[in-house]
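**Student:** Provided herewith is a single structure, encoded as structure tokens, for subsequent inquiry.
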Amino acid sequence: MITIPRYTLVENGAINKIPELLEKLNLKNPLVITGKSTQKYNKLGYDYIYYQEVEYERFGKLNDENRKYIKESFGDYDCILGIGGGKSIDVAKYASSITKKPFISVPTTASNDGIASPIVSLSVPSFMAEPPIAVVGDIDIIKKSPKKLLASGAGDIVSNITAVLDWKLAHIENNEKYSESSAIFSKTIAEELIEYINNSKNKDNLKEYPKKIVKALIASGMAIAIAHSSRPASGSEHLFSHSLDKLKKEGNIDNKSLHGEQCGIGTLIFSKAYVEEGRLDNKEYHEILKSLKIVKSPVNIFELGYDEDVAIEALCNAHKLRKRYTILRNGFDKKKAIDILEKSQII
Ligand SMILES: NC(=O)c1ccc[n+]([C@@H]2O[C@H](COP(=O)([O-])OP(=O)(O)OC[C@H]3O[C@@H](n4cnc5c(N)ncnc54)[C@H](O)[C@@H]3O)[C@@H](O)[C@H]2O)c1
Ligand SMILES: O=P(O)(O)OC[C@@H](O)CO
Ligand SMILES: [Zn+2]
């Protein structure tokens, strides 16, 4: 059974409609999970907790002590609101799935497709939870959020192009289940956004971009819900991003590169790899590159804040991050990694 958000409110001032939405859903006592810089959007003064304070690692081990923690933290509330960026929303979604309380997603920026997806990506691999019953995207707030975050959203959308190519390749070479309808839906979301961005110079100079990127991210989350898998939106490009995250963690690298920015770089790498295999037209690679440049999302490893060795190591390890068949197949060796990183102008 496919579940997607029952209500999506994407408009100026949407956040002020939360009380009316709660009433419609017969919910009276929400708990807000938010970030330090986004608590200010909890304008109605609902009880709140910072996502950094939620001990979500305890959700995975339901012994008596952890059950007690969950009951004490969430027991009195009848729903959970995630107000903020990707982590706030992810932690709120996780808490909602553990407590079986409805989850409402209130993105205050547009940085990745966790906004409306049923996926929790606090770990690698991610896991399937429940999608929000409602998404409240206040354009007045989102359009004023940091440009870096809004640009990162484009990276998490263009990634659908290579994700869908990997999914189809897995079906052809590895006999994996594949949904053409979900794949077309996911790819079209990316193509539409790329087309808008690449033609924006002669139109509105990206004035509509905040609204377009929010809607694209919501739609991408729905494609995941329809496929009941992150396959339509996560392939080799995400494996590269997760591999970078692993290097950051292990090497204590203090680099604030965002999920979407990393996925944008991954998409350039693997769209070029698909061009090399004759499975993608080079024109599509250039359209992706142009769109990321226009929104000012990083287009090489140096703009992402790393040196070339990190890019090479992340690429050589990417296939190990999860059991997901992609164009990486059994992994790129160092020679192939350097070749494709050079051809895709990443190093
Ligand atoms: N579930 C999914 O499908 C999925 C997919 C990708 C990533 N994620 C999650 O998202 C996280 C990455 O999210 P992210 O890229 O948003 O980074 P983030 O959540 O780590 O940081 C976002 C930052 O932007 C700030 N912010 C948000 N809105 C703002 C606003 N209006 N004005 C000023 N600052 C604002 C937040 O307070 C936060 O500090 C990952 O760690 C993962 O947990 C989930
Ligand atoms: O399953 P993963 O690779 O975490 O992907 C989820 C989301 O980031 C897709 O955009
Ligand atoms: Zn993603």
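The backbone N, Cα and C atoms fix where each Cβ goes, glycine too.
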**Student:** Considering the substrate binding residues ASP113, HIS242 given in TrEMBL, which of ASP156, ASP204, ASP281 is annotated for that site as well?
**Tutor:** ASP156
**Student:** TrEMBL records ASP156, HIS259 as Zn(2+)-binding residues. Which of HIS238, HIS286 is assigned to the same site?
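**Tutor:** Answer per TrEMBL: HIS238.
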**Student:** Work out how many Å separate HIS238 (glycerol binding site) and SER88 (NAD(+) binding site) at their Cα atoms, rounded off.
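**Tutor:** Distance (Cα to Cα, whole Å): 20 Å.
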**Student:** Please identify, from the binding-site residues ASP90, ASP113, ASP156, the residue with the sparsest Cβ neighbourhood, meaning fewest other Cβ atoms within 10 angstroms.
**Tutor:** ASP90
**Student:** Neighbourhood of the Zn(2+) site (ASP156, HIS238, HIS259): other residues with Cβ within 8 Å of the Cβ centroid, in order?
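**Tutor:** Other same-chain residues with Cβ inside the cutoff are ASN112, ASP113, SER121, GLY155, SER159, ALA233, SER234, GLU237, SER241, GLY260, GLN262, CYS263, GLY266.
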**Student:** With the Cβ under 6 Å from ligand 2 as the test, give me the qualifying entries from the binding-site residues SER88, THR109, SER111.
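**Tutor:** List returned for ligand 2: none.
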**Student:** Once the DSSP letters are reduced so that anything not helix or strand counts as coil, what is SER111 (NAD(+) binding site)?
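**Tutor:** Its secondary structure by DSSP: coil.
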**Student:** Just the number: how many Å between the Cα atoms of ASP90 (NAD(+) binding site) and HIS259 (glycerol binding site)?
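**Tutor:** So the alpha carbons of ASP90 (NAD(+) binding site) and HIS259 (glycerol binding site) sit roughly 13 Å from each other.
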**Student:** List, in sequence order, the same-chain residues at least six positions removed whose CB sits under 8 Å from that of THR109 (NAD(+) binding site)?
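**Tutor:** In sequence order, the residues whose Cβ lies under 8 Å from that of THR109 (NAD(+) binding site) (at least 6 apart) are GLY84, GLY85, ILE142, SER145, PRO146, LEU149, LEU150, GLY153.
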